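Asks: Please find one structure pasted underneath; my questions will follow.
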Amino acid sequence: MRITLVDHPLVQHKLAHLRDKRTGPKDFRELAEEVAMLMAYEAMRDLELEETTVETPIAPARVKVLSGKKLALVAILRAGLVMVEGILKLVPHARVGHIGLYRDPESLNPVQYYIKLPPDIAERRAFLLDPMLATGGSASLALSLLKERGATGVKLMAILAAPEGLERIAKDHPDTEVVVAAIDERLNDHGYIVPGLGDAGDRIYGTK
């Protein structure tokens, strides 16, 4: 499994504000969108290009445009939605899928309650989005669901990851590249990332 750590100064600056408990929902959403957008630069660095010609106001110019497979952004509900919004500003023609999972508070295992993907997901470059890679259970299940529907070469994007979550993905999906903004210390007894930033979904939507 390959891990790409996006440690750009702008990402780390915005991540500092995401971690701050004083940051309210509006600012948190905007920051998370911006971090996701900045992370996408690295996650999509290997997209294919082809040459074509356009007419500038002065003369014809040889330029490069995206080619190859079309893109799909797949959010793990609900927190992954905020990452979709940021990345869509860069690739507005990408299709969007949703996978609904919740974590059982006793076992910490994920439970699927919803899935809706582009019908041609097997023909697209898919990016699985979830701000927090904690135990890795939800991301692992989501990756399995994507593979069952023919998706290959899926990249997992998470703002924060715990070592336990990375180990789980390496074990279950060693062919997956994980793109993260930070790797934190550990999980606590409740399965939260330490030091983390709290419950991303609650902080995005102002819920408890």
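Using the three backbone atoms N, Cα and C, a Cβ is placed for every residue, glycine included.
Quick paste from Swiss-Prot:
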BINDING   R78, R103, D130, P131, M132, L133, A134, T135, G136, G137, S138, D199  5-phospho-alpha-D-ribose 1-diphosphate binding site
BINDING   I193, G198, D199, A200  uracil binding site
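Looking at the shown structure, can you explain where the listed features end up?
Replies: All protein chains shown were included, and the count of other CB atoms within 10 Å of the CB of M132 (5-phospho-alpha-D-ribose 1-diphosphate binding site) stands at 25.
In the three-state DSSP classification, D199 (uracil binding site) falls within coil. D199 (uracil binding site) is surrounded by 15 other CB atoms, counting those within 10 A of its CB over all protein chains shown.
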Asks: Using the Cβ center of I193, G198, D199, A200 as the uracil site position, which other residues in that chain lie within 8 Å, going by their Cβ?
Replies: P131, M132, L160, Y192, G196, L197, G201, D202, R203
Asks: In Å, rounded, how far does the Cα of R78 (5-phospho-alpha-D-ribose 1-diphosphate binding site) sit from the Cα of A200 (uracil binding site)?
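Replies: The Cα atom of R78 (5-phospho-alpha-D-ribose 1-diphosphate binding site) is 9 Å away from the Cα atom of A200 (uracil binding site).
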Asks: Roughly how many Å lie between the Cα atoms of I193 (uracil binding site) and D130 (5-phospho-alpha-D-ribose 1-diphosphate binding site), rounded to a whole value?
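Replies: I193 (uracil binding site) to D130 (5-phospho-alpha-D-ribose 1-diphosphate binding site), Cα-Cα distance: 14 Å.
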